[in-house]
Structure formats: C-alpha cells, structure tokens
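First comes the structure, then the notes that go with it.
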Amino acid sequence: MHSKNTSPTPQKKPKTWFQTAKSKLLNENCSITKEEPIDYAILALLSLLSAFTRLYQIGKRSSVTWDESHFGKFGAFYINHTFYHDVHPPLAKMLVSLAEAVAGHNGTFEFKGKYPEYLNFTLMRMQIAGYGILIIPMAYLTLLNLGVSRKYSLLGAWFVLFDNALCLMSRFILLDAPLFFFTAASLLSLVKFQKYKTMPFSKPWWTWLFLTGVSLGCVTSSKWVGLFCVALAGLYTIEDLFDLLDFKPSFSLKTYTYHWLARILGLIVIPVVIYMISFKIHFDLLYKSGAGDKRLPIQYQASLDGNLHQLQQGGLAYGSNSSIYAINETPIFLNPNKSRFPKGTKNHRVTGFRNNLPGDSWIIEPTHPLGEDRGIVYLKNGDLIKLRSHFLNHTLLFNINLHKKKPEMGEVHVFNKTGLTVPDIGSDVWRIHIIEERMVSGPIEDSKDKIWPVSTVVAFENVRSDCFLRGTNDVISNYGRNIHRIICEKAPHMKEYIEKSKGNHLLPKKFGEGYQWIFVFHKHNKMSDKSIKIVTKKPSFFKLFVFINQLMFKTNNGLIPDPDRYKVIESSPISWPFLIYPMRAVSWDAKSIKYYEIGNPILWWASGFCALTFPFLVVIWHIIAKRHDPLNKNKFKPTKAALFDIFWNGSVSAHSKLAQKDHYPLIKDEKIDSTMNNSSDVSFDSLSQTKECLSSSGVYGMLGCKLLFVGWALHYLPSFLMGRVTYIHHYLPALYFGLLLVAYELDYFTRLVGRKWLPTWDIYELNHKM
C-alpha cells in the first residue's frame, strides 16, 4: 500500500478588514445591468407619491402667486404673438405658454390679482408641476445606473421627493420645474451613456449619447444655469477621451478619432442646434409689435406687425424733423446733450443715448437757402446737409482738435451758428451716403433715388475733415451708464470705397458697426398727414440671435442688488447649504394663503456636509490606497497619470502589478489577484476589459460620487462670482446633485464597512476564554 501524502496544505493568510471590504464592493455582476420588474414597480410608486406631493391642493390659492406674475405674462405674449424681452432663453417660457393654451387662456389676462373664472389656472399649474413630478423617478434611475443598491437608490429618490423647497417650486407657474426636469434628464442620460462605454458605437451607446445632447440643449434653452450641466458633461468627456488615449497594441487612432467626432456631434452640435431652434421658434411666434420690442434694433421693430415706425409721411427732405439712430452693438440715438465740454470750445457735447428722448430730433437743413417756391426737395445720395438740433437750436459740427490722444478721431459737438446765406463747406457740413435700402413693402419704386426713414441705412461724412460720424460702445463714465461717446473717425478704406462706388449704393459689410445710421420718427410740415406704410426686411436670424443673447447677458448683469435696501427675500450663496435664510414666497397678510420656501433641514445639512467634505474624503482614500499597496514594499513609484487617477476617481484599491504597464490603478478581487499571481504576464486587453467591466457596473472607484460632487460644485460655486441678485431657490439644482450624493455615499460606505459583528467586540468571551 502506498501511503498518502499527508503533508499539510499551506494555509491562506487571513484577509484584513480592508481586503474583505473590497470583496464586498466587487460582489457585483460586471455585465450591463438592466432594470428588473421590481424597479418598474418602484418607479410607479415613486411617481404616484410625487404626484400627490406636487398636486395636493395645488389650486387652493386662486390668485397670482409670486413670480407667476412674470412668467405667466411671458406665456401670454406667445398667445398674443407680441414681442417681449427677458433675461432667460425661451424654451421653458414656451412650455408655460403651452400650458396656458391648454388651460384655455385667451391672452387677455395680465397675471395680476385673482385669476379670471374662464381660466383654469389649476390645470396650468398641474402641467408645470408634471416636470417636477418626473425628477423623482429619474433620481432613482440615476442612482441605480451608478451602481447604487436598490434600497439606497430608493432612499435617494425619497430625499428628492420629500424636500420642501423642491416641492414648492414645482407647484406654481414658474421656470424652475422645467429646469429641474431637464437637469435631471441631462444627468440620467450622461450616466446611461457612460454605462455603455464598454459597447462603443452600439445602438444603446448612440441612443444615450444623443439623448444627452438633447437634454443639454433643452436645459440650456430653459435657463443659462443649464450651462453648468454642459460643463459637467464636458469634463466627463475630456476625462473619458483621456482614458481612451493609450498605447496598447489594440489602440487604433482611427477608432479614437471616431470617438471624438461622435462626441462633438452628440454633445456640442446637437445642444447648439436645439438652443438655436428654440430662438427660431421664439422669433417666429412673436411677430407683432409690443412693449418689449423697444430694446430691439429699429430695423427689426419696423418689421413687426403694428409697429409705429412703419407709418411715415414719406421720404426724407430738407426741413424734415427726425431722430437719428446708430446701428451698433448697443443701438443709440444721436443726442444733443445739455452738458458742455469742460475744455476747448466749451460747446454742447453730442452723445449717444439708448432711449429716444423728445429732444433728440434733428432738422435737416441745406447748406444754402432753397427758396420758398421750391416746394419739397427730397434728399438723395451724396447730398450736402446740416443737422440742427430741434432741442438746442444748434448745428452739429466736428472739431478734430478735441481728441489729442488719437488725431484720427475727434468728438462731435453743436454750436449756435445758424442761418447761413452763402454756401459754406465747413466743419458743420455733412455728405450723406446711402449704404443699403431695406424696404420690402411700401413705395419701392421711389426707394432707389430717395432716402426713406427706417428703411434706408446711411453714413455721414464730414466734408472738411473727411471723417465719418460714428456711435461707439464707449460709455462716458462721468455722464451715466447709458451715455455713449459720439466721434468722427477717419476711415481711408471707406473713403476709397465710396469713390469707387460712383454713386451706387454701398455694401454695408464695408462699414463697421456704428458708422451706419437710420432716420426714425420723420415729420415734415409740407407733407401730407396721410401715412405711408414702410415695412423693412428683418435682420438675419443669426444676427438677431447674437444680438438678443448679448442683450440677455447685459440685462442679467444689470440685476444687481441694492446695498442700501433691506433684503427681505434675497440671500447670499454662503448661507444656502446651511438653510439660514428661507424665503417667503407671498405676502403675509392675515387672510391670504401663505407659502414659505424652506427645505428639509436634515437633508440640506447632510448634502452640504457630504459635498463640502468630499475633497477631504478623496485625499483620505488616496492615503489608504498608498498604505495598503503591496508594491510599496518594492518602493514602486506610480506615474503621474496613476496619481491623478487615484485622486480623481478616488480608488480604494492598491495598484496592480500591471500598473507599471497600464499606468492606471485597478480594483482587485480574489479572482483578479489569483490571475496576476499565477501568471507572469497578463495582456493589456484583459486588464482594460476588467477595468471597463468594473466601471460599467458602477464599482470602479467612486465614479458616481465624483460625478455628483462635480455637478454640485458646478451649480453652486459659480454663484459666488455672480454680481446679480441671488435667492435661495438658485441653489435647488445644486441641491439635487447633493441629495443624490448623500444616498451614494451612504450606500458606498455601508457596503465598504458592512454590518458584521467583529470578534474583537466580544469582550466577555475573550476575557474568560478557557
């Protein structure tokens, strides 16, 4: 009989608590997980609870509440098709208008006081609340697809469900509910897209890439706060493309280029197109003149139905009294200012003012008397004129000595030399040049030879100095923020082009902004009072699109807080995470229903704590990863890329032996460890696939935690740089990320530490062991 080998098998070294925790984190299926039937049941339950909290007694207050007076009125403008101006992009306001149309609004109610009986304001509020209802199931799906367990995904959705502030802002006719919805949709789509990163160019990969782009376009078209979602997607994309850039044998530059092109199409082109489409619809719907079109260029105002600029007496003639308007980045009217130059001629200064004042009109005079029997003498291209202020009775002239620093330009003023009896070619004589004719409806047969108000774009050349009158964007600081500098600037290229044109109409592209002028509000004593309707062509969509966005930016920056006024409802960003200053949403009279915007204190404080301590948490995990790195025994020094990845992804693992080749850390489990220990060489592809598998299942590092923290930071920290008025509801998009961050970290650490009773806690048994 052969004796059996009874040599003892080597015992495995017991795992430390850190290694056990890592195995728990990796107790996941590395395949692309999909929602199960129980998840759909949870989504249905969450939707019902969300609908109850958002819709319960939503119509109890029958009067216009808080900012419903603004955004409800904006929605009515779309129903009436009258133009208006606001600081926000148009998409969310068009959704408000859609809700009003469904509720039967005819556009007559101005959203002041109580709602009329014919208007179903409850239905209006319910439609807007629908966007706020959907963010709760979307929160659950977002956490679930980030690898969070089902119970903690449900907990995170409950955090969003039972926050008072998010609920309140979803119950009224405001822009916040659509903003919350598109913000949540952007995050969910981005998470779904990264989940399929191991299946590039597949159908679901393309689907979620395009849905991410659509969501980003919609959130940006609702409010500019959506740009922070774009920044979040951009940072993730940069990191993702950086991870794809390696030098493994399987690396393909062609495939890598396709990754770039796909992301450019999905995350840049699509959002920009959606943003521009929202403005195109906005312009097409608002084709009537209204109170809000005064901030628009005159030529666009004249293209709107019912605008007063369309009704004119006729063409410009000597003796016409008209305001003169400069086409510029900031459109201004030529204004004879009461103030005088402090030095030099000490004449009255001519400035540009953004609004048309009663005294801004100018009388067009000839350089010599025409005689009473001449009748009406119309202006033509190349005529010499003088401009006399109707307000000051002074004549416009130019003195080149007024600008000593730049001899090629000088400022314009007026003087009281009037009633010349002989031809005078001097500093007060201007030659008028037709640049462009924009008339599309009216006396078009006469438009070639005459200068018409509103439609004819002209330039003024000073005869003596060969300079061109120009309205600048330069604000005269000691005159006020709306007072702009008017100069006469030499422009040799324009002079040369005029000479070559031989009297033909010039191309406006040859003239920069500020050199182009339009006559408006034209009156002539000898002309018939019967008005002629002149309709001008609209500026190109792109030009109007750029102008409106610039105007929105300036208006937004103009919403600055008044330091001398008591701030009843305003609050500073530093107070938001701590919920120090809640806000009343309505007046506090005894008989009215009151609403108070206050969040759930426990949730706000917890989310603020998790977000503010996250950077320190990443540093701690970096230290833990280094202390439990077996390669440290060999004095292995990871590359800079590895250190960056540890800090950015917050990996809890040690470096694998392949880190020297792949330059990235890898979360290990027993199977991966045994593979590396029993094999002298492991292919690059197996390492990459393992890492991508762990990443797709939500296990790799702290990807979800990082994504949520960066989303919170992008939506919150820029608030400190804004000079405009701030309110507590400006924090709500950041709060959404913060609440999901709390649920993610709770799930992460409970799985990491576990709830198993440790033997070291059995104090009685250890002390009395026989």
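Note: Cβ is positioned from N, Cα and C throughout, glycine not excepted.
Feature list (source: TrEMBL):
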- 45-287: domain 'ArnT-like N-terminal' (DOMAIN)
- 541-628: domain 'Protein O-mannosyl-transferase C-terminal four TM' (DOMAIN)
- 704-750: domain 'Protein O-mannosyl-transferase C-terminal four TM' (DOMAIN)
- 128-148: transmembrane segment (TRANSMEM)
- 168-193: transmembrane segment (TRANSMEM)
- 205-238: transmembrane segment (TRANSMEM)
- 258-279: transmembrane segment (TRANSMEM)
- 602-625: transmembrane segment (TRANSMEM)
- 698-716: transmembrane segment (TRANSMEM)
- 728-746: transmembrane segment (TRANSMEM)
Structural state census, the domain 'Protein O-mannosyl-transferase C-terminal four TM' (704-750) (DSSP three-state): 41 helix, 0 strand, 6 coil
Residue numbers, six or more beyond the limits of the transmembrane segment (258-279), whose CB comes under 8 Å of its CB atoms: 89-91, 94, 200-201, 206, 209-210, 212-214, 216-218, 220-221, 230, 233-234, 237, 241, 244, 541, 545, 548
Spatial neighbours of the transmembrane segment (728-746) far in sequence, C-beta under 8 Å, 6+ residues away: 135, 139, 142-143, 146, 148, 152-153, 155-156, 159-160, 163, 165-166, 169, 176, 179-180, 183-184, 187, 225, 228, 571, 573, 575-577, 581-583, 597, 599, 603-604, 606-608, 610-611, 614, 704-705, 708-709, 711-712, 715-716, 719
